[in-house]
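Feature table excerpt (TrEMBL):
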DOMAIN    182-260  domain 'Signal transduction histidine kinase internal region'
TRANSMEM  48-70  transmembrane segment
TRANSMEM  79-96  transmembrane segment
Amino acid sequence: MQKALAYFVCMNRNRKMVVFHILGWALFCALVVAFVRGFGQSFSSFGVLFFLMFVLVYAALFYTNALLLLPRFYFRKNYLAYFGAIFLLLVAVYFSRPFENLVLHRGEGMRKEELRFRKPPPDFDLESSPEEERGKQPLRLDIVSVVLFVAVLSVSSVQQIVRQWQTSERRAAQAEADKVTAELLFLKAQINPHFLFNTLNNIYSLAITKSEHTPDAVLKLSSILRYLTDDVRHDFVPLPSEVNCVRNYIELQKLRINRKVTLEFAVEGNIEDKKIAPLLFMTFIENAFKYGISSHEACTISIHIRADERSIHLFCKNRIFDREEEETMREGVGISNAKKRLAYLYPEKYLLNIDTQKEHFTVDLMIIT
């Protein structure tokens with residue numbers, strides 16, 4: 001699907017470029033015709049042939065520069081070869097004098113027919129060509145041909161340089177997008193094993209104690225695994241799927257915690273039409289259960305998820321207990337992981353406030369949808 005879309009975009013861009021070139025050359029021809037007719041004479045059928053040759057000369061110059069000289073020499077920083085080739089083209093235009101030839105031949109057929117009905121000067125050769133007449137005069141600068149040379153070359157160069165810049169920008173943007181995608185996949189890969197490791201440890205503890213809740217815990221784990229394998233591959237998942245994973249995880253935690261721990265979990269608002277990055281909430285909630293539970297002190301873990309028309313809100317609060325330095329470092333990695341994912345997936349569309357005052361760890365996250 002993505003390849004087909006890219007092909008369509010490329011074809012559409014090429015069509016626009018063809019139309020742009022056709023319109024550009026039509027404007028060029030119109031300006032030249034208007035300028036030549038300003039000399040007071042129209043084109044004869046013979047003059048049209050020279051007009052086409054004139055246009056072909058500058059078209060050849062335009063595309064030789066755009067498709068050959070710029071890519072082969074200029075963009076490869078071989079400036080000496082590039083400007084040497086441009087100088088040779090300028091010399092060729094100077095001596096071929098395309099505009100002067102066009103003016104001399106624009107009404108040649110009509111000129112001869114007119115002179116047959118008029119009495120020409122005694123020394124005038126009726127059959128002489130404009131080249132022969134011009135050859136009798138000293139060579140002078142065809143300033144219009146040189147000006148057109150510079151103009152056509154400039155337009156050709158600017159167009160290709162802009163196109164090259166746009167291509168470089170697209171490649172840089174694609175490289176950055178690929179980098180972000182790779183880092184997001186890496187961050188997800190960090191989440192899943194850590195999350196599963198803790199959950200399996202909980203079920204193992206239930207199995208060791210031969211708890212009657214072990215089968216139910218296995219079912220809830222299978223639901224979580226289904227979520228991890230089916231949905232986590234995507235950048236965004238339905239919010240109900242994330243909430244269901246959170247609910248199953250909390251139910252698993254209830255099987256291992258003692259009565260001194262009070263759990264508060266609530267979901268408010270319409271969550272059906274919302275989407276969220278997978279396991280984003282789980283990072284903070286798992287953190288609360290890991291570091292906010294004590295086996296000998298009373299504590300409360302509060303988790304509230306709310307959705308409205310414009311935002312998704314997570315509030316998570318747990319008490320802080322002293323832990324070993326290694327555990328504190330692992331906590332820092334989890335929070336850092338979540339911050340990076342938020343920055344990548346919700347640039348300037350989220351507010352995250354983490355408060356560690358008054359013996360409580362509080363996470364207040366709002367995502368603008």
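Positions of Cβ are set from backbone N, Cα and C atoms, glycine also.
Because TrEMBL annotations are produced automatically, they should be read as predictions rather than curated entries.
Just tell me what is around each of these and how deep it sits.
Taking DSSP states H, G and I as helix and E and B as strand, the domain 'Signal transduction histidine kinase internal region' (182-260) has 60 helix, 2 strand, 17 coil.
Listed as Cβ neighbours of the transmembrane segment (79-96) (distance under 8 Å, sequence separation of 6 or more from its ends, same chain) are residues 57, 61, 64-65, 69-70, 73, 141-142, 145-146, 149, 153.
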Need one number: mean pLDDT over the domain 'Signal transduction histidine kinase internal region' (182-260).
78
